[in-house]
Each structure stands twice: as structure tokens, then as C-alpha cells.
Amino acid sequence: MVAHKFTVDLNKPLVFQVGHLGESYQEWVHQPIVSKEGPRFFESDFWEFLTRTAWWAIPTIWLPVVCWCISMSVRMGHTLPQIALMVAFGIFVWTFVEYVLHRFLFHIETKSYWGNTIHYLLHGCHHKHPMDGLRLVFPPAAAAILCIPFWNLIKLCATPSTTPALFGGGLLGYVMYDVTHYYLHHGQPTNQVPKSLKKYHLNHHFRIQNKGFGITSAFWDRVFGTLPQTKAADKAR
């Protein structure tokens, strides 16, 4: 008896289909469909709503939390230079977290039904539909849940008075990351730095998907040797 290869129906909710792709999932999910209109994920309107987030919701929701966290450390007696240093350190640590998550979690290879399904929800959907404007930033409900372990981890490593500012810096780094990510997909930069960053990130989507994991910068790609080769270097090989 010959097994028929599973085919995803893009006109039906995708989430519970992709798991059936098995070992073919990795090849399928890394063949992008360039369209600003994203697919439907769930039959349920409630769960579908939770997967869609406008980019401006991220700074609107999280910047007040950042300010509140920083103000807590200020009220506990820290000077502005100390606060600035803690916030800057929090942002720097976030850039490392961003790199590690993207490289080792978001690009994990799966082939089981639930492995494929979870990966698609987490990051695969973004590689399949990279221009889906309502699924470019992390849903606030999921981010709020993840804030709890991050807060507790910082609390374990820092003092009670420095924890809020460090957490606020990390959260600010996350906001910068998500807004930057949206801009790299839908913005039209005119200055050289954002133009280069946009080219660098789109290269990750459309040319070399196993390199170039940095979003806000290529710093950690340089550190860990995951910088993608240029097209000129590829041709010279």
C-alpha cells in the first residue's frame, strides 16, 4: 500500500494541518509565500484573534511597564547614571537572549506532529508567510506569561533594588527588537544603517535561513560565527 504525501490546504486553518507533514515540514516551512495577507490559523475566532497583533500594540502596552520598572529602582535610591547603566545592561543582555532564542529554539528542527505544530506557531509561520503584518510581533498575552520566569531569573541574580531597572532594560530591548523586526519587513529605510539591517534580515528569510540570527544587530552572529556569506563570496566558491 502506497502512502500519499500530505498536502497543506492554504484555504483552511493551518495550525492543525502542518503537523501531518512529518519530515517534509522543514522543507515546506522554509519555502516562503510573499503576501501581506496571512493565512487563517484556527477555526475558533477567539484563538485566531490571539494570534494577530498590530505592531503599535507592543510599545503601547510595554513601554509603560518599562517606565514603571525603572521608576521602582529610582524610588529605591539609585541615581540616574546608575539607572542608565542598568537599563543599558538589560538591553545588551536582551540582544543575547534574542540571538539564542532565534538560533536554538526558533530554528529547532522538528518532524513529529506536535513538534511541527508548536514550531509553526512559534516561528515557522513567520518563515512561511514573512510579510504577514499581523504576525510579525509577539502576542502580548504570551509575552506577559514569559515575563514571569524572566523576572524571577533576574530577581535570583540581582538585588531587590536593581531587579526592576534590569528587567525594565531587558523589556525595553524586547520592545526595540519587535518594532525593529516589523520595520525591517515593512519599512522603507533611506539611511544606510537600517537599509543594511533590512537587507541582512531579508537575506535570512530568502537566501540563507540557517545563518544571520540577529535582528537588531549582527553582533552575536559575528561572535558565534553565524554571519552569512555575501553573494559575491558564494559565487567565488
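Don't overthink the numbers, they just go from 1 along the chain as shown.
Backbone N, Cα and C atoms are what each Cβ position is placed from, and that goes for glycine too.
What TrEMBL says about a protein is an automatic prediction, not a curated fact.
Noted in TrEMBL for the protein shown:
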TRANSMEM  54-74  transmembrane segment
TRANSMEM  80-101  transmembrane segment
DOMAIN    88-226  domain 'Fatty acid hydroxylase'
TRANSMEM  136-154  transmembrane segment
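Per-residue confidence over the domain 'Fatty acid hydroxylase' (88-226) averages 95 (mean pLDDT, predicted model). In the domain 'Fatty acid hydroxylase' (88-226), helix, strand and coil residues by DSSP number 97 helix, 0 strand, 42 coil. Nonlocal intrachain contacts for the transmembrane segment (136-154), taken as residues 6+ away from its ends with a CB within less than 8 angstroms of a stretch CB, comprise 50-51, 53, 55, 57-58, 61-62, 126, 163, 166-167, 170-171, 174, 178-179, 181-182, 185-186.
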